Amino acid sequence: MMSVIPAQWQPYWQLARLDKPIGTLLLLWPTLWALWLASAGVPSFSLLLIFTAGVFVMRSAGCVINDYADRKFDGYVKRTASRPLPAGRLTAVRALLFFLLLVLIAFVLVWQLNQFTIYLSVGGLLLAAIYPFMKRVTSLPQVVLGMAFSWAIPMAYGAVVGQLTVTTWLLFLANLVWTIAYDTMYAMVDRDDDLKIGVKSTAILFGQNDRLYIALLQLGTLTLLAIIGWLEQLTVSYYFSLLLAAGLFIYQQWLIRHRQRDACFRAFLNNNWVGMLIFAGIMLAC
């Protein structure tokens, strides 16, 4: 794919992670969960288009501001040393301008929605902007990331029904907990490097109890999603999707059993299938 991108645009492409769609997908699935549940299985095409485009744009913006914040650290981490900023292929000023451009595009998209959702979008922007800096001040940056990755859920409910329901916040919490679980796996990949440079994470905080805490978070995710199914009176196909998701969580636990970098990263990537399965269950159950 990179071979067809003009050389001068390749650093921007990589900065926005357009060559690595996993983050976009992990943000997209809960957004689709919310749109389908809020609209009783019949979301409007215009809302689908706006929110899907918004996911792509804001995920890219989040990656850009993350790399800007980490530009002085990424060169010391094996996985991130080749990124455009630490590698010197793009300046910090250009990265900031690119971030502002993406935020402007996101603002144009959200401006098509109702006033309540526009107000809610401010919270999402703030979370996306502050998350990268949380790794310096707290051992729980994954909580802030989870909030940022869940913020499209109240926005979806705001756009569809104009209010935030009990299901809205249960779904928000379920996705928050799930995000902490899978991003802890992601942080396990960099744990040794992060310890050397002073970057904090739940992987470091949990230490040798990391697998236990991830398992508890995964159990919490499934429990909250099951409660949502009961509240929304979803059919058995939804619960079957949760059962399959539980199977994937067990597989992820097996992958991370030795805490090897590649295996932890594979476990992280596997969460894409979790999100897709739950979405399929919601689609069939609504």
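The backbone N, Cα and C atoms fix where each Cβ goes, glycine too.
Copied over from Swiss-Prot:
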TRANSMEM  22-42  transmembrane segment
TRANSMEM  45-65  transmembrane segment
TRANSMEM  90-110  transmembrane segment
TRANSMEM  113-133  transmembrane segment
TRANSMEM  142-162  transmembrane segment
TRANSMEM  169-189  transmembrane segment
TRANSMEM  212-232  transmembrane segment
TRANSMEM  236-256  transmembrane segment
TRANSMEM  265-285  transmembrane segment
Checklist entry - In the same chain, which residue numbers or ranges, 6 or more beyond the ends of the transmembrane segment (236-256), come under 8 angstroms Cβ to Cβ? => result 185, 188, 210-211, 214-215, 218, 222, 225-226, 229, 263-264, 266-267, 270-271, 273-274, 277-278, 280-282, 284-285
Checklist outcome for this item: Residues outside the transmembrane segment (22-42) whose C-beta sits under 8 Å from one of its C-beta atoms, at least 6 past its ends, are 48, 51-52, 55-56, 58-60, 62-63, 149-150, 152-153, 156-157, 159-161, 167-168, 171, 175, 179, 182, 228, 232, 268-269, 271-272, 275-276, 278-279, 282-283, 286
Checklist entry - Is the transmembrane segment (142-162) packed against any residues at least 6 beyond its ends, judged by a Cβ distance under 8 Å, and which are they? => result 26-27, 30-31, 33-35, 38-39, 43, 47, 50-51, 54-55, 62, 110, 113-114, 116-117, 120-121, 123-124, 127-128, 130-131, 134, 168-169, 171-173, 175-180, 183-184, 187, 201-202
